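Participant: Pasting a structure here, questions to come.
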Amino acid sequence: MISRLHYISQETADKSHLQNIEEACQAGVDWVQLRVKNKSDNEVLAIATEAKEICKKYKAKLIINDHVAIAKKVKANGVHLGKEDMDPAEAREILGDRPYIGGTANTWEDVERLAMAGVDYIGLGPFRDTSTKENLSPILGIKGISAILNNMIIGDIQVPIIAIGGIQTEDIFDLQLSGCHGVAVASLINLSDNKKETVNDINYCLPDGEF
Ligand SMILES: Cc1ncc(COP(=O)(O)OP(=O)(O)O)c(N)n1
Ligand SMILES: Cc1nc(C(=O)O)sc1CCOP(=O)(O)O
Ligand SMILES: [Mg+2]
């Protein structure tokens, strides 16, 4: 089952990826994407190994951003791959059937391509501007996201869509009404002064149940 809330790790001014992951898990997230940038493969592997232990303790799924070999080594629950990353079909060959493979889309053509490639979910964004990621694709807003979701209905494409990029709690009802399966957030949780309350508020806006 693809969770409706995807928590994305970040280093913040005073906390490491691992500290933020532990706090997010304590606050109740059950899907953690480890997104480490600008570190060597060995450093990412070391962080991923510890992240796996934290996720195991809290029964959360661990998804590794970008690094397929590291996902395999630490027996992560899946990988998230962007346009510049490994092709999802190649990742499937390496990882086998079980792990989740997610892909990033910014356009309808991206969604069609990823659906054909057999990804398990699609991260669709950016919803709005955000300083969490460099070199953002064009901003979609609710109109852009709704247009793509309508095309999916017309084309009978049924891959869960996870909206991403600058999402705040008050955006989530509209995103959910537009047909998104869920949302992915980094700074909303990582910078929160009360992570439990933030996670509860996000979950309140998302329906229960399986896709
Ligand atoms: C759920 C989700 N959606 C999109 C992304 C972006 O992935 P990518 O395009 O590979 O960019 P980076 O995250 O690697 O900068 C994501 N990570 N998660
Ligand atoms: C990792 C990422 N990918 C995006 C995309 O549009 O593909 S936006 C984004 C950043 C998400 O972090 P925050 O919730 O802090 O904005
Ligand atoms: Mg990437």
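Glycine is no exception: its Cβ is also placed from the backbone N, Cα and C atoms.
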Participant: Pick the one from Thr104, Thr169, Thr198 that TrEMBL also lists for the 4-amino-2-methyl-5-(diphosphooxymethyl)pyrimidine site with Gln33, Leu34, Arg35, Val36, Lys37, Asn65, Lys133.
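Facilitator: That 4-amino-2-methyl-5-(diphosphooxymethyl)pyrimidine site, as TrEMBL gives it, pairs Gln33, Leu34, Arg35, Val36, Lys37, Asn65, Lys133 with Thr104.
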Participant: Which binding-site residues from the list Gln33, Lys37, Asp66, Asp85, Lys133 come close to ligand 3, meaning a Cβ under 6 Å from one of its atoms?
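Facilitator: Passing the 6 Å Cβ check against ligand 3: Asp66, Asp85.
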Participant: Around Arg35 (4-amino-2-methyl-5-(diphosphooxymethyl)pyrimidine binding site), how many other CB atoms lie within 10 A of its CB?
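Facilitator: Result for Arg35 (4-amino-2-methyl-5-(diphosphooxymethyl)pyrimidine binding site): 19 other Cβ atoms within 10 Å.
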Participant: Among the binding-site residues Leu34, Asp85, Thr104, which have a Cβ atom lying under 6 Å from any atom of ligand 2?
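Facilitator: So the answer is Thr104.
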Participant: Rounded to a whole angstrom, what is the C-alpha distance between Lys37 (4-amino-2-methyl-5-(diphosphooxymethyl)pyrimidine binding site) and Asp66 (Mg(2+) binding site)?
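Facilitator: Approximately 9 Å lies between the Cα of Lys37 (4-amino-2-methyl-5-(diphosphooxymethyl)pyrimidine binding site) and that of Asp66 (Mg(2+) binding site).
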